[in-house]
């Protein structure tokens, strides 16, 4: 049977579901809070006007592409730390965490410079109003300053989640979400003596909450008794290029996979810009809601990575394979709920963002397409995270490259412009690309986990 789902009794299945849920739920709440920051940005910008909403859509797409790609690179720390923890190598856990912070800081500075360099080419390429382009440039400038803190936060995020302590991440994320609301209100609308920055104010608020999140999570770890034996904050460690090389070897394919998937969504915003601001605004609504729902498989997948990595560290290879299957089943059950939510409540969901009739009509149709790809999206996400627990990252990268670019973005462009399907051509191609990725990744997971069990039985 697929991933030996019939290997253990039903009580064992329920136990694994419970363990995955215990890990995934705080991660989900933390992810929802983080995506909620983007949701607040979208709502606040929409309140300032559809020009500001379009500017934030463009600017946040650029920021999200860099952030998500680099977040994928930092995700290498999860299987590294989880396997060390499972093997009982306490000192190595703390040292790997320290090197992760150094790596994240260097990566974040590079991301900041990269975003600065991208502002002028984006403005030269776009053909929108001066106000939209200027607001987008300001937004990108502010959010670029968040990149160093964002990557340090991701290192600390990986450290705490891999040690089965996701509750700290949840608490910090909710505090950041709460802080983001008044900051957006102040900066966007010009309250308490501050100038009204419009959509650019969303970027300034985002920068502030990322720095808050990194600092708060560091303080939590330093003061929590559970973390003291690992010694993350007990001493200062110099950068170790050998560890950096290991992080890069595992993380670079993950980062590229994230980029390929994110670009299939983010680049669409730029490609549909010639259709007008209504379509750009509607696309931002679809991306925002899809991003919120994507946190569900991402959280289940993250929990699966930790549980699989921990089991492999303990040399429980059959258990790791079984956990891979259980995480997929849990994801499929949750996917049914998200499909129904998007289809049945698409109109009220869209109205939370903007009341412009044209935007409402386009966005409501976009959500139908988003609902159709939920099962495939859940499957490919959780399967890729499970493979990550095995430190298998290159094959998923190639699968994502073929699926999202070969079967997604490029065909979507042809459907949109050559076959006159407009924005819906891109979403049609995305459904096909996600389905192909899901099938290929599950097949890869089946082979990889089976071979791991067989090879260690033979020893």
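Glycine is no exception: its Cβ is also placed from the backbone N, Cα and C atoms.
It should be emphasised that the depicted structure is a prediction, and the values quoted were computed from it without experimental measurement.
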Feature transmembrane segment in Swiss-Prot, mapped to one of the ranges 53-73, 74-94:
53-73
Transmembrane segment per Swiss-Prot sits at which of 227-247, 395-415?
395-415
If we skip the immediate neighbours and take only residues 6+ beyond the ends of the transmembrane segment (395-415), which ones have a Cβ under 8 Å from one of its Cβ atoms?
253-254, 256-257, 260-261, 263-264, 267-268, 271, 380, 384, 387-388, 421, 425-430, 432-434, 436-437, 440-441, 444
Rank 20-40, 100-120, 132-152, 202-222 by Cβ pairs under 8 Å to the transmembrane segment (286-306) and hand me the top one.
20-40
In the same chain, which residue numbers or ranges, 6 or more beyond the ends of the transmembrane segment (132-152), come under 8 angstroms Cβ to Cβ?
51-52, 54-56, 58-60, 62-63, 66-67, 70-71, 74, 101, 104-105, 107-109, 111-112, 115-116, 118-119, 122-123, 126, 197-200, 202-204, 206-207, 210-211, 213-215, 218, 277
For the transmembrane segment (202-222), distant same-chain residues with Cβ under 8 A (at least six beyond the ends):
37, 40-41, 44-45, 56, 59-60, 63, 138-143, 145-146, 149-150, 152-153, 156-157, 159-160, 168-169, 171-173, 175-177, 179-180, 183-184, 187-188, 232-233
In terms of Cβ proximity under 8 Å, which residues at least six beyond the ends of the transmembrane segment (20-40) contact it?
60, 64, 161, 164, 166-167, 169-170, 172-174, 176-177, 180-181, 184, 202, 206, 209, 288, 291-292, 295-296, 298-300, 302-304, 306-307, 323, 326-327, 330
Could you check whether the transmembrane segment (100-120) packs against the transmembrane segment (423-443) - three or more CB pairs closer than 8 Å, residues at least 6 apart in sequence?
no
